[in-house]
Amino acid sequence: MSNRSIRATPTAWFIWAAVVFFFVNLAGVVGSVLVSSFGQKWFDTWVPSGFTTQWYGDAWREFGLLQVISVTLLASGLVVALSVLVGAPAAYVLARQNFPGKRLVYLTFLLPILMPPITYGIPLATVLYKFGFAGHLSGVVLANLVPSVPFVILTMTPFIEQVDPRIESAARMLGANTRAVFLKILAPLLVPGLLASAILVLVRTVGMFELTFLTAGPDSQTLVVALYYSMSAAGIRAQQSVDAMAVMYTAMMLVLLVVALRFVNPTQLVARVKEEPPE
Amino acid sequence: MTATASWHHRLAERGVDRRLWLLLPATIFVLLLFVYPFLYGLSLSFQPLNGGGLLANYEKFFGDAYQRDTIVTTLKIALPAALLNVLAAVPIAFRMRGRFRGKRLLTTLLVVPITLGTVLTAQGLLNYLGPTGWFNRVLLSLHLIEDPVRLTNNYWGVFFSLVITGFPFAFLLVLSYLSGIDPTLERAAATLGASRAQRFRRITLPLLAPGLATTFLLTFVLAFSVFPSAVLVGNPAGSTRVISLAAYQAAYEQYDYAYASAIAMIMGAVELVVVVIVLLWRSRLYTGSTGGKG
Amino acid sequence: MRQFDRLRLEGVGRRFGAADALIGLDLSIERGEFIALLGPSGCGKSTALNCLAGLLPLTAGAIWQDDRRIDTLPPERRGFGMVFQNYALFPHLTVRDNIAFGLRMRRLPKDEVRRRTAAAIEMVRLDEHASKLPGQLSGGQQQRVAIARATVLEPSLVLMDEPLSNLDAKLRLEMRTEIRRLHQSLGLTTVYVTHDQEEALSMADRLVVMRAGRVQQIGTPEEVHTKPSTWHVADFMGYRNLLTLKADSVTGSQVTVPLAGTTLTGTAQGVVAAGDEVVAAVRPEDLKLGGEGLKGLVEVVEYQGREHAVEVVLDDGTRVHVRTEQRVDPGAQVALGVSPGRLLVYPS
Ligand SMILES: Nc1ncnc2c1ncn2[C@@H]1O[C@H](COP(=O)(O)OP(=O)(O)OP(=O)(O)O)[C@@H](O)[C@H]1O
Ligand SMILES: [Mg+2]
């Protein structure tokens, strides 16, 4: 097994070269932002002419990042809490029970993840404006719940399926009612699943551009949306302070990522692939 | 008593019991925040702002070449990008399945661009691929090119941004599908005299194909909704004027929500067509157990 | 816990979609009884038990506890105890907390919980393991935790679903005695599911033999063992030789059937007329080597401790199974006889 990857067939070389090429460019993409954010001036040279940290202070003040970051954290925190509260019980029923119309319910719950956010984001934003939610934090939270709840359902289901239903039956036979089964038995056993789905939703919400962009007002921008605005207004602000902001965003995402990877494996961050068994 | 009991019996037979109440919050949520807005958008799209028939918004879209072409533009970006991502992911994932040192590090590195998202990638690409960026500098100093190649603010900028975020996504999915295929199947084929290429062609590929279809779909959905990079590293007035941008402009620049909804619906329909075609093809494949631990 | 004198199941049925897993189960359980539900895999034993427990809603029939109807009560309000096949111990709670769980659910005072838990732990001899998690116990120990957890509440009825099937043969025998001992000393009423006929025979006061969702026979171990009501029950109770034959003549309950050039006489179980197709059932140990009548060739001999299981091919090609203490060799020509009264003849 192991010597297969070491043995240097031409294809192997080619594949490894492609991987290296990908990573070199990726490093270039991220690195150029990083270097630029510390550069004094950078025109037509390999590296900037001098280094400074002034752009970070500038960006912090100019873009009001304190406010932006607190909005980001608050909105994401609310989305995480609400989506777990709404999604986990639904995941439980879908994992445990067969009932008429289950496939339809399942499909409806999963549709928001299968659709590009802009497609449903625009009608959703329209409705949120109509009812006066959009432009505020509440609108941002509501919009971000749309893909988050299904995502919680999707991540939690396999965790719930792992818990033997007979353990719940045993608790009921010992006199536990539904509440007690949830609090005393399921909650402790599902801590890994709850953590995984919470952290995944957090990462996705902090990084979610489209829905937040469509529903945020001036006071309810998250970091990624603020970054987009400052980029599309390029030329007004110094390029480097935009880069500084981008680096702060990157740092925040990387911290979240490091935390996330303590609880989940990389593939789960992407999607939970579970084929439904053919009936 | 008997009436209530037989009612109980009938519900029990269909699996309906009190636990179903737990679905209620999520159901209300999905109805209010997804189904209702969607239907609202649909009905709004039939109520043109400036009067006209039911289909006026749709006629307007398809009658205007500038708008109509956004469909082709989007597909021209999304389909090749999704295809490249999946096709490149297969051989690489194939080589990297199984255990080896540094696998976790590799997959972790690959998640980075996905989590960073398109906005940051766009900013990086502008710096890196720009006329004075490192990429052009390297090519110039190696004398591979005479003048800087133009890779941003056009089709290629958007394409690269989709590859940078889409390829790791496709790779991780393909890798997880591949590790769900029992390796002993291939060994069994080997003992039956199948060469390496035959094993891949006859055993692994057929088992992997449904997963590839799913991967393609998810990657395509990501690419299809490309928005920030189309604006930031593309040429949003020309070669990368994608359909989501058209919808956005209708809503937030012209404040014509009815028209914007119509475009969003068209966008959904076009995407659905691709999804259905892929799903139809996928349904003809074997989709049962792949013998692995999934 | 509220005790009852009699528990009655009336036409209890459970259907999954189009498939009936349990049909028209009528059974009455007296206080203090040990009842075994017995039958082949998939016959609906667990379904019956879960219906009784309240874990599966009924799709037909009713359950009465004395004159209170209980089949619409949720499981936690029936006050029954249950031991599961894989024990279903709470993996995140220690042995002590597992056993105390039910007492806590009943909101009993702290010192009573402590006292009764300690007594239960002692009863199943797990004192040294009280602070361990279930994952750190052996199968037999887990089994005892499960039993203690179910019985510490002194439930009016204890349900056990194949509680011994995950244990090795020796431990299984020990635990059988242990369960029976607990049943007696605690004065429990027990319904015990098993597919092992020997286990059922040795433990239960009454057996309920099931097949394909229906009850085939209810009776004491002796009745079921010596007079199975149908050939399916006979098959399940160890009548390994089931021969499809044609009845020659019938006088009273005596039926003669032709076999391999001679005729045998058996006892009719059910209505049999001359010329009918019948199933003749006889246990391997009721076929004697060296008797009169049947002749055949020894084909396979399995050594089984004190006895040999011998497969004999009769002159007409019929294969029969014989148990004997005698030594025989493959290829030997033997004669066989049936112990008097031990050939049962069923309508097929
Ligand atoms: N949840 C369910 N959905 C559909 N069918 C079921 C379900 N549970 C049981 N069945 C079916 O009901 C029948 C009886 O099952 P049950 O579990 O009661 O059998 P059993 O006698 O306990 O068998 P075993 O000895 O193998 O445990 C089986 O045919 C089974 O397939
Ligand atoms: Mg069973």
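Using N, Cα and C of the backbone, Cβ positions are placed for all residues, glycine too.
Please treat TrEMBL annotations as automatic predictions, because they have not gone through curation.
Record features, source TrEMBL:
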type: TRANSMEM; residues: B:20-39; note: transmembrane segment
type: DOMAIN; residues: B:71-278; note: domain 'ABC transmembrane type-1'
type: TRANSMEM; residues: B:77-94; note: transmembrane segment
type: TRANSMEM; residues: B:106-126; note: transmembrane segment
type: TRANSMEM; residues: B:155-178; note: transmembrane segment
type: TRANSMEM; residues: B:205-227; note: transmembrane segment
type: TRANSMEM; residues: B:257-281; note: transmembrane segment
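Tallying C-beta pairs under 8 angstroms between the transmembrane segment (B:155-178) and each of B:20-39, B:77-94, B:106-126, B:205-227, B:257-281 places B:77-94 first. Note on the transmembrane segment (B:205-227): residues 74, 77-79, 81-83, 85-86, 89-90, 118, 158, 161-162, 165-166, 169-170, 173-174, 177-178, 180-181, 185, 242, 244-245, 248, 267, 271, 274-275, 278-279, 281-282, 285-287, 290 of its chain, located 6 or more positions outside it, place their CB under 8 angstroms from a CB of the stretch. For the transmembrane segment (B:20-39), no residue of the chain approaches it from at least six positions outside its boundaries, judged by C-beta separation under 8 angstroms. With a threshold of 8 Å between CB atoms, the same-chain residues lying at least 6 positions outside the transmembrane segment (B:257-281) that come near it are 41-42, 44-45, 47-49, 57-58, 60-61, 67, 71, 74-75, 79, 213, 216-217, 220-221, 224, 243-244, 246-248, 250-251.
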